[in-house]
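Noted in TrEMBL for the protein shown:
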COMPBIAS  135-151  compositional bias 'Acidic residues'
DOMAIN    15-108  domain 'TF-B3'
DOMAIN    167-262  domain 'TF-B3'
REGION    131-151  region 'Disordered'
């Protein structure tokens, strides 16, 4: 039986798109069709909700970057929890601002799996499926009282700047970065990123994968408060590695990050 309203003519007229799940491309992200984004992308928020027919909801982050609009943060959890398989046929229907009803059809049977239709009540859905940040790496710089020179505390990667118009700052990792946290140059942030974004979550993008982090700040310093340890460990970073950070979206703060190993 269809969910409430899904057999109505008005429901059938709602914006929708289809995707065929690929294990080669969609394990960690899903790119939305450019034509769909061209029509409806301006109205989509950064945090979207994916709702299966059984009512279970996942929160996913919609990242709009140079290669298009992608479901990234939270998508891997959605894929894993629903046990998506190569060739599964997915229909996404936009039923409200940022809310998609998702129907999945198995490539072999042509039917929706029974688990997609069974109602779930026994646990707190929002707690399980919302992406989490580390709760144990609550850091502040050890020299938090010292002032820094806003004009001299970062170096732009001029070659990259000339190539694509985006500034870059670089950090060579030291023992302090291993034991504590990473600072973002205050002058770099003030010059290239809106100050109100200090209160928001930021994102580091590496090879198609995304990490969520939160910031701490005072009048002279900006540092990663939560998420740095996970990012460092997941990318096997050690002392001496040079990290390059390029902000590709100054509003919803996203940094492309790549590494130079010595």
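A Cβ is built for glycine as well, from the same backbone N, Cα and C atoms used for every other residue.
Break the domain 'TF-B3' (167-262) down by DSSP state and the numbers are 24 helix, 39 strand, 33 coil. Secondary structure of the domain 'TF-B3' (15-108) per DSSP, as helix, strand and coil residue counts: 17 helix, 40 strand, 37 coil.
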